[in-house]
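Comments concern the structure below.
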Amino acid sequence: MYTSKIAGMGSYVPENVVTNDDLSKRMDTNDAWIQERTGIKERRHIKDGDGNTTATMGVKAARIAIERAGITKDDIDFIVFATLSPDYYFPGCGVQVQEMLDIATCPALDVRNQCSGFIYALSVADQFIKTGMYKNVLVIGSENHSGGLDFTTRGRSVSVIFGDGAGAAVVTRANDNEGGILSTHLHSEGKYALELSLKGPSTNYWVPQIIEDNPQEDIPYYPYMNGQFVFKNAVVRFAEVIQEGLKANNLQVSDIDMLIPHQANLRISQFIQKKFGLSNDQVYNNIQHYGNTTAASIPIALTEAWENGKIKEGDTVVLAAFGSGFTWASAIMKW
Ligand code: ACO
């Protein structure tokens, strides 16, 4: 049995900064409401003509991760791409990345697990490496939310939260004594699927039918979120899945050097921090600047924490996520 570790990380966000005040010019909202409820000050949005899509942002993050891992694109054995906002209904973004990076015919897989997508993708990479099938797996989380949100007052409780961006990791076969990914823990609860969902366009909600059925309101091609219900479930599941990961590795909360929670809402992260009694140095948040970037939030935050020297060799790093599905997950790593 092999072990796996993250050998390189990278991230990319569009240049276009959209502040809460900018949003208040498009809908009935304000900076105080958004910051008080979510902690978000600004987010990045793709701008027409800047060339960014979910796949191209993923490629930009991936190129950095590959370089930092000290490998070349031809060393990549497998691409796992997590997103809820793919460029096309099909095929997935993974094959686009494979073509854009000019990697011969390596397999590519898309993971559709929303906010938990990056940890699910990391888990897939980890398993393929641990069985010995692959040596270098490129894991990407990328989202173009701004292209699919309702920026009128009707959509304000959802659209102010989300931002665009991408993060990537090269997961590599490691020697036993190097640490790396110790374990991953995955869960889902499909009975709450529609509590945070985007129904269409899909085979059940095709565009002409949507317009005919919903001329003015309740349009199912914008995301729906039962915000308070999501919040209540998130704080419980985040805590459970972190505890599960610690227990599986005989670790205590006090062993955590850095917790990187999915950047759903600063209030959720703060709730977890308080529950576990962690200091500000033990939890990394950057939602203030990027909003919630769903599958991209953990790799963007992990990259930034590493770049800022907040994670050192030998640290115990915990990743945790909760989101649409519902799905939730954690990963425990020795950096
Ligand atoms: N600006 C101003 N007012 C707003 C806005 C806005 N952007 N959005 C909603 N409001 C108004 C509502 O219309 C409502 O007004 P009313 O009382 O006159 O009817 C009032 O504010 C309260 O609305 P709620 O939706 O009840 O607001 P709530 O306090 O629940 O906050 C929020 C909404 C921030 C989404 C909260 O429910 C939340 O944080 N939920 C957690 C879900 C989450 O974080 N999701 C992120 C994505 S999922 C994930 O990644 C896990």
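Just so it is clear, glycine is given a Cβ too, placed from its N, Cα and C backbone atoms.
What TrEMBL annotates here:
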- Cys115: active site (ACT_SITE)
- His262: active site (ACT_SITE)
- Asn292: active site (ACT_SITE)
- 109-190: domain 'Beta-ketoacyl-[acyl-carrier-protein] synthase III N-terminal' (DOMAIN)
- 246-335: domain 'Beta-ketoacyl-[acyl-carrier-protein] synthase III C-terminal' (DOMAIN)
- 263-267: region 'ACP-binding' (REGION)
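When DSSP labels each residue, the domain 'Beta-ketoacyl-[acyl-carrier-protein] synthase III C-terminal' (246-335) comes out as 38 helix, 22 strand, 30 coil, counted as helix, strand and coil in that order. For Asn292 (active site), the same-chain residues 6+ apart in sequence whose C-beta sits under 8 angstroms from its C-beta are Thr38, Ile40, Cys115, Ile161, Phe162, Gly163, Gln263, Ala264, Asn265. Mean pLDDT for the domain 'Beta-ketoacyl-[acyl-carrier-protein] synthase III N-terminal' (109-190) in this predicted model: 96.
Cβ neighbours of His262 (active site) (same chain, under 8 Å, six or more residues apart in sequence): Cys115, Ser116, Phe118, Ser297, Ile298, Ala320, Ala321, Phe322, Gly323. With DSSP classes pooled into helix, strand and coil, the tally for the domain 'Beta-ketoacyl-[acyl-carrier-protein] synthase III N-terminal' (109-190) is 31 helix, 31 strand, 20 coil.
Packing around Cys115 (active site) is summarised by its Cβ count: 31 other Cβ atoms lie within 10 angstroms of its Cβ, all protein chains included.
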